[in-house]
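Written out below as structure tokens is the structure these notes cover.
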């Protein structure tokens, strides 16, 4: 099968899939951050405010703030009645996470897609912020947020930035007093203002930034609208009101502007990251110097009491940046993409005109940089351009603006500036995505060529007549010439147009893959019948759409279970149990996702089922296994009891949880029994017990039913046909493809049975209640991924231990796995989104990435299962061992 090729295809597969992983970031996720831009000058007129206080209540959704006419925030409601100001809803258009939300507020651009390479935790490229243009900036809050702006503010040569962050010991996780986080901030601000009172009164153009994490923590743990969450909200809003009074007491010049908002919202289940209204709608309230309190056209009002109503405005989150800059008379950050909401300012018409013009020129600077870069290419005169904003039109608009300023026609200046901003934003998007379509087509050709290469690896019938050999030689020479011409043409274009190396790499990617795929001719693509192809195509489409609707995976699972199996004999009672398991499993994807759902009765029942199953199957365990599992069970019950009653978790309980975690992975490395079936059952018990500790409701029931159904399906299959090299035999090809599809189906069914793996950001922190009491994002994410991987590892262990066919044709099965995964990945390549919510961006990336790494994970788990279960190595080149056999 692989003569002349050997196992080098593993290297090809690894390199190709690594490159494919990077393709979506080059096609869809080019950074919007442009470096080397010239900042605009501060506004030439006196600013309405000398200082601005930005208060971000992390995780506060609009519904919690406006609930029953602001009954949850009585102190702020009274303040709104007194001060008027602007009240409304801020719409987050970015992934609803803390980092991108704060960047949208403080830097003015929506999430930098290139930050996905850093797990959305930090920006790989430096960016400008409102803090860098101020004379002073003082910030208090969580280290995870403040470090983003501290790290990016390298121009702080005069000590203009002061960041005061609490350590992680204050960042409670599982403690009911989450409001202590906000109290810490209020206390530090109060002490600072009183201590530096005289010095602060002499400085203007100052930002004060208060990051309040308590509500986000309370929402994750206790869920919004619960008594404990509302307790935190009452304390926080009272603290905000007190801080406002303190600022007014210290600065009595009526030159302080205030902005209260949130970075993102939160669902009822205590999660965020997706695009539900509860996550994307956050409250905002602006008042003080320079803020327009007069009502203008708006469609909504909200009653504060029976006699008072306030207009409810709407704003895009990134618009906050140019607005806060204008209030202090500062230019927007150079990377800002927000448009100034002019009606929010209570200033002169001239001031609005100059602020809008400054905003327009700041955006135009970004567009000019991209246009110059495009024009620098030698072949740019042959390529299409953004006609609405060419160099002549830019100069013409600038001329009109100068004339309007000369005659003091500020209304015209304002209108021209806003027209320029709209065109500039369209032009920026046009040039930033200029090569997206050619890159997408090039990647598609590369993937189709790779699929052709994989089919060739399955050793289908080759053309072997003399005429075929001669024709093959001529065709090869012709193809080689065409590929060389195409290669030289693309290389020349990339050089003359001065394209970035990443773009050039992916434009050239199809050439080596095509040369690999066209090495040999085959007769037909597959020995599968037309009916089988149609069935598997439908099944693959069901798997693809199950990423968008979990319910569809139930249909695919039932259809696969209903297909007849060759040489499969089973007793009646096992058949009945298997049927019951199938029906029960099909129900799980129809249930509400387990993310954010806690039911301790179901959780404890899952522990009971785990132990009961080990007794029913007569699982052999060592004395150490029994002691460790028993201790872990009792410890988990105690941890859950403490969590339910809001009691602090003793350190010894955390130690016992981590001890069992380590014990499981050490114990499975040893083989105390000779029987593979007993070793398998021991691994199943230890792993399912550990899995149960990470559950919050019905997840452990699902995994127990799933492994039971797999065992009942695989165990009767005893294929004893003689070994035939490769998969040229139709029966063996069909069985390889069928088993490959079964592995993929079970893998995705384990993902979607209790939740949605593509929305990994929306996890429930309660799954780590036995392991952590303080917030540790990397440890939490590690445990979340572990919880996803345990079922997949168990599935592989079962299939490659109990199925003799899987052991015998391991390599061919993985080639079929690659085929299926790559076909699905080709679909997802065209579904990747680079705009919108985290649901649209993050999940579209997850879909593609999952398909690229699934096969790699399955190969790793297969080798791991061989080590832990002592299976013989069969992943070899059969043709080398059986040179006399033919197809």
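Cβ from N, Cα, C; glycine included.
Record features (TrEMBL):
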type: DOMAIN; residues: 426-837; note: domain 'GPI ethanolamine phosphate transferase 1 C-terminal'
type: TRANSMEM; residues: 7-29; note: transmembrane segment
type: TRANSMEM; residues: 434-455; note: transmembrane segment
type: TRANSMEM; residues: 482-509; note: transmembrane segment
type: TRANSMEM; residues: 529-548; note: transmembrane segment
type: TRANSMEM; residues: 575-596; note: transmembrane segment
type: TRANSMEM; residues: 655-673; note: transmembrane segment
type: TRANSMEM; residues: 739-758; note: transmembrane segment
type: TRANSMEM; residues: 778-801; note: transmembrane segment
type: TRANSMEM; residues: 813-832; note: transmembrane segment
type: TRANSMEM; residues: 844-864; note: transmembrane segment
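The recorded stretches the transmembrane segment (575-596) and the transmembrane segment (778-801) do not share 3+ CB pairs below 8 A when only pairs 6 or more apart in sequence are counted, and are therefore not in contact. Remote same-chain residues near the transmembrane segment (434-455) are listed as 9, 12, 16, 20, 23, 26-28, 374, 499, 503, 506-510, 513-514, 516-518, 522, 525-526, 815, 818-819, 822-823, 825-826, 829-830 (criterion: CB distance under 8 Å, separation of at least six residues from the stretch ends). In terms of C-beta pairs under 8 Å, the stretch of 529-548, 655-673, 739-758, 778-801, 813-832 lying closest in packing to the transmembrane segment (844-864) is 813-832. Listed as Cβ neighbours of the transmembrane segment (778-801) (distance under 8 Å, sequence separation of 6 or more from its ends, same chain) are residues 676-677, 680, 683-684, 687-688, 690-691, 694, 699, 703, 706-707, 710-711, 714, 739, 742-743, 746-747, 750-751, 757, 760, 763, 765, 767-768, 771-772, 807, 810, 857-858, 861-862, 864-866, 868-869, 871.
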